[in-house]
Structure formats: structure tokens, C-alpha cells
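Reviewing the structure listed below.
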Amino acid sequence: MNTETRRVTDKRERPLRDLRISVTDRCNFRCTYCMPAELFGPDYPFLQKTELLSFEELERLAKLFVGRFGVEKIRLTGGEPLMRKDMPELIKKLARIPGLKDIAMTTNGSLLPVYAEKLKQAGLHRVTVSLDSLEDERFKAINGRGVSVNKVLEGIEAAKAAGLGVKINMVVQKGVNEKDILPMARYFKEKGHILRFIEFMDVGNTNQWNKKDVITKAEIIDLINQHMPTEPIEANYKGEVASRFRYLDGSGEIGVISSVSDAFCASCNRARLSARGELFTCLFASSGYDVRKLVRGGLTDDELTESIASVWRNRTDQYSIDRALSKTDGKKKVEMSYIGG
């Protein structure tokens, strides 16, 4: 068995460096831009347990991505990852993998008061919490379940108290929550957490995306600069998706993820593994590659490694660049709740 780490690049010379694992397609929220309640109702056919990759299967795949391809970062997503039973057990398995330097999780934060300490003890390093408003009634409307913003704020504080790194992501939509840009910036500036604004993206097929509803990075930063001046700073690492800005008074930083106005396809090094076990090479992909079938089909680690490498070598995705060139109209895409953000 060949256990040597090798560099694999795609058709555009982009290396594989980052793995995102969706552990469930279920969520306890029904956010309008991700899992709108009218489409994801009580009769929606969510994946059954046997359809999900088991923790042992996920561990095996993670070991290959880290040991064979040199992946150093794994992010756990959903749906809402904490809806998957016994998540600390999966994190323990991942934390034992030699060479894996960073284990992160994207979550809506509502279950962190229960799980934050257990996640930290298991080996999780940091969380990114999705929060789109501090105004309670607006937040309840956005999450579609009437969950109070206080529940998420409690989760953020629980994560901080447990010693987890914390960042906040806010999806900004014109006509929905642009009034929250400044209150969110002020609040998390005072709390000492990095807030990242995300341009409203056309992920999936159900969020009624229209470019007119996008508030761009330039507009967001211009608004903040009028009240709390910032200056741009360099990325932490090659391929970082957020543009970083530092407050001039030295009180921290913010970021903007601007997939619509600034395509970052050229440096994208992320592979995404869905809860069903399909490998996707782009957040905006139409289809994935059935890795679960290979895992359950008796392939050796060497054979599985070569199959994954072949998928990456043939990757040509550059959806955000194509969008800017109006080459994506009518393209059907996988839903974000299935592939993870």
C-alpha cells in the first residue's frame, strides 16, 4: 500500500488542500435562502441513516484526504451538523489523524449551549456561526422557525467560554437585512469576534436569487467606513475567500466573502463531501461523484485514492467567473443544505 503524500492539481493547476464534509442534510432552521419551509416541509424526503456515510467511513476518507493529498483543514457542515447524533465522537476520530491541523464547524449556533464544551474536548478547534440579524423579529422570520436571536448569542458565548475560536457569518440581502450591517458590525466589534459579511449568492435552485438583491462588498465596506473606518489587510493564507479589513482604532477586523462581485475561483482548493457520500468539486456544482459506492464496494485505499485523484485532476469548475460572463443562466445546482456551505 502506497501511503506517500502527493500533490494533486486540477485542470487549472489548483491543488486540493481543503475538505468540507456535510454530515447531515437536516436542519432545525428553515432559512429562506437555504431551506425554505415551503419546500423543506414535514414530508420532505431527507436522507435515512443507512444513506449517510458512517463515522467510520468518514474517518477512512478523511485519513486518505489528509495522508494521501496533504489536506490540512477539514470543516464539518450540514444542514446543521449538530443535528447528527454523537458529533463529538466523529470529531474525536478526526482529531487522531496525523497531519490534520485544523478541524472547524459551520453551525447556526442554536445547539452550541449544549455541545460547545463537548466539541472542544473532542478536538474541535473553531466554529463559524451563521447569524443574519440581531433584531429578534427579523431573525425569527429569516430562520423560519421562530428561534430567538438570544439562543444563537448564547451559543456564541458558550463556544467562546469553551475555548473554541469563533467567527460570525452574515448573509446580506437587499430588502431583508441590510439595516443590520452596522448593528452587527458594532456588536461583534465590541465582543471581539470577527464578523464576515457574505454577498447573497445563487447557491442551489430554491432561494429566488436575483443579482438586484446583492449588496456588494464595496457597498458594505463603504457603509461601515462612514461610521467605523477600516483599511484592507492581507489574507492569512493563499486561497482565503474573505477579503479582510482592519478597524483603524485597532479594535479588530471584519471580512467580506464576495463571490458575486469578486470571483475567487482561481484560487479555490476546496472539495466537498455530501452527507450521502458524493464528492463535489464546486459549491455551485450540478452533480457529484459517488464516493460512497466506492467505499462500500470493497476498494482498497490505493484504489480509492486514485479514484478521488482522478476526479480532482479532471476538475475545471469556475462558476463565479462564468456567472460574471453570463454563462450560467438556467444551470441546475445542488442545494446548499445538501452539500454544505
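Glycine is no exception: its Cβ is also placed from the backbone N, Cα and C atoms.
Sequence annotations record features per position, and here Swiss-Prot assigns GTP binding site to R20, R75, T106, K167, R270, A271, R272 based on sequence analysis. A strand conformation is recorded for R270 (GTP binding site) in the three-state DSSP classification.
Among the features that Swiss-Prot reports, [4Fe-4S] cluster 1 binding site is placed at C27, C31, C34, with the record citing sequence analysis. In the three-state DSSP scheme, C31 ([4Fe-4S] cluster 1 binding site) is classed as coil.
Per Swiss-Prot, the feature S-adenosyl-L-methionine binding site maps to Y33, G79, S130, M201. Within 10 Å of the C-beta of G79 (S-adenosyl-L-methionine binding site) we count 25 further C-beta atoms, all protein chains included. Under DSSP, G79 (S-adenosyl-L-methionine binding site) is assigned to coil, being neither helix nor strand in the three-state scheme.
If you draw a 10 Å sphere around the CB of C282 ([4Fe-4S] cluster 2 binding site), it holds 21 other CB atoms from the protein chains shown. According to Swiss-Prot, the [4Fe-4S] cluster 2 binding site annotation covers C265, C268, C282, on the basis of sequence analysis.
What Swiss-Prot records for 11-231 is domain 'Radical SAM core'.
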*What mean pLDDT does the predicted model reach across the domain 'Radical SAM core' (11-231)?*
95
*Based on Cα distances to T106 (GTP binding site), point out the closest of the binding-site residues C34, G79, S130.*
S130
*Sort the binding-site residues R270, A271, C282 by C-alpha distance from M201 (S-adenosyl-L-methionine binding site) and give me just the closest.*
C282
*Please compare the binding-site residues C31, C34, M201, C265 by how many other CB atoms fall within 10 Å of each one's CB, and tell me which has the fewest.*
C265
